[in-house]
Amino acid sequence: MKKLMFAVVSSLLALTVSACGSGTDQASTTSGQSGAKKYVIGTDATYPPFEFEKDGKYVGIDIDLINAIAKEEGFEVEIKPMDFKGIIPAVQAKQLDGAIAGISITDKRKEILDFSEPYYQAGLSLVVREDNTTINGEADLAGKTIAIKKGTTGATFADELGKKYGATVKYFDDSPSMFQEVQNGNADVTIEDYPVISYKITVDPASKLKIVGDRLNGDHYGIAVLKGNKELQDKLNSGLKKLKENGKYDEIINTYLSTKK
Amino acid sequence: MSSSWDVIVDALPVLAQGSVVTLKITVISLFFALLIGLLFGLMSTSRSKVLRGIATAYVDFLRGTPLLVQIFFIYFGLPPVLDIKIPETTAGILALSLNAGAYLAEIFRGGILSIDKGQMEAARSLGLTHGKAMRLVILPQAVRRMIPAFVNQFIVTLKDTSLLTVIGIRELMNSGEIIISGNFRSFEIWAVVAVFYFLMIYILSLLSRSLERRFAK
């Protein structure tokens with residue numbers, strides 16, 4: 001059985017490798033008209049205030065930032081929305097040149113991607129239903145159910161909490177699903193980046209959610225690029241620096257968040 | 001970075017667990033789907049206009065909306081409106097059963113209609129009631145003809161369980177996604193996930209082929 005499995009797996013692998021051999025590097029293209037370099041940038045369009053859709057257009061802190069950087073540095077951006085859990089694999093697979101999606105910089109991710117300088121400090125918060133009075137901090141999680149989004153730092157954190165306190169972790173594809181899970185009472189708590197959940201509670205009071213306890217950590221967001229893509233990484237860093245100096249960065253942040261950082 | 005083989009070996013227990021969940025949900029859903037399919041299939045071949053109308057509406061509606069929408073609707077949409085709690089497995093089985101039931105109803109209808117009218121007439125003239133004639137004469141012949149279509153629907157439903165990842169059921173697809181979001185090894189994990197689905201469906205096909213041989217005569 002083991003031998004058969006190995007044979008099937010390895011022949012499958014061989015087939016796929018040979019089929020993909022010619023397809024590398026299709027992500028970066030130069031646009032014909034302006035001659036400016038065009039980068040395909042992935043994002044998770046269900047993540048207000050960092051990226052979401054409004055009146056048929058992608059908006060949010062991350063979207064405005066990457067567009068402003070592109071303008072400063074003279075390159076074009078094609079925004080590709082997808083599930084958050086698919087973004088990092090897509091960069092790895094060279095389907096994307098980079099990604100901006102509230103991606104926290106972690107050591108594990110740095111092994112497979114390069115990051116720009118940090119551009120925002122987020123940090124995780126526990127979120128429960130308004131009528132929940134039993135959970136006031138991570139120590140109250142024993143026997144509870146945590147809803148979480150696949151591939152996030154919140155998911156890694158929930159995994160650890162789950163083991164430590166004996167909580168069940170349920171994985172979803174996007175933030176709206178995990179919020180709905182808590183609203184419907186099928187999970188007791190979710191873990192989300194602080195600015196995202198505070199924005200959600202502000203614009204959607206009907207969600208009946210509240211933040212409990214202190215921020216659990218201090219993750220920094222960075223713009224991910226394909227490993228070794230020094231050219232894009234340098235442009236991003238230089239663009240970020242210019243935006244911070246000329247005040248445009250603060251302007252973007254303040255458009256979406258009343259309280260800075 | 002660890003070798004592909006290590007990555008696969010580490011993932012196997014979790015993926016095997018996911019496969020068990022996938023199989024369980026498939027089997028339970030198909031059981032209910034068969035009941036639903038038989039009921040609506042019979043209704044759609046009955047002489048009552050009302051029953052036919054209900055069956056047609058059911059089939060048209062369930063076949064006319066994507067399964068993914070049905071899953072979201074049942075799990076995320078209904079509970080707040082009805083003020084009830086639906087556990088994810090229940091919601092998943094409900095969605096799959098209702099959906100596959102609609103397709104199976106059409107398979108039953110087609111099977112029943114494929115049996116010559118004379119069979120029913122002969123059975124009735126021998127003094128059997130409509131119900132008895134259906135149960136003893138028509139259905140045994142019809143079901144034999146339906147086996148290939150059944151098997152097809154079984155396979156489709158097994159693969160459709162992968163959509164349940166969106167409501168957090170830890171079946172095979174969800175397990176694969178969770179592992180990849182932790183170790184970023186898409187290539188190895190998706191290859192193994194594909195092999196697992198393939199093996200489950202292959203074994204199912206073998207079983208059904210032997211079943212077909214036994215009943216087809």
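Yeah, the Cβs are placed from backbone N, Cα and C, and that goes for glycine too.
Note: TrEMBL annotation is automatic and uncurated.
Look at TrEMBL and you will find B:19-208 tagged as domain 'ABC transmembrane type-1'.
TrEMBL lists B:20-43 (among others) with the feature transmembrane segment.
Annotation source TrEMBL lists transmembrane segment at B:55-78 (among others). Among residues of the same chain six or more beyond the transmembrane segment (B:55-78), those with a C-beta under 8 A of the stretch's C-beta atoms are 40-41, 43-44, 84, 86, 88, 91-92, 94-96, 98-99, 101-103, 105-106, 160, 163-164, 166-167.
Among the features that TrEMBL reports, transmembrane segment is placed at B:90-108 (among others). Tertiary proximity for the transmembrane segment (B:90-108) is limited to same-chain residues at least six positions away from its ends with a CB under 8 Å from its CB atoms, namely 25-26, 28-30, 32-42, 44, 55, 58-59, 61-63, 67, 70-71, 74-75, 142, 146, 149-150, 153, 156-157, 160-161, 164, 167, 169.
The transmembrane segment annotation in TrEMBL covers B:149-169 (among others). For the transmembrane segment (B:149-169), the list of distant contacts is 21-23, 25-26, 29-30, 33, 67-68, 71-72, 75-76, 88-89, 91-92, 95-96, 99-100, 103-104, 107, 110-111, 177, 197, 200-201, 204-205, 208, 212: same-chain residues at least six beyond its ends, Cβ to Cβ under 8 Å.
Among the features that TrEMBL reports, transmembrane segment is placed at B:189-207 (among others).
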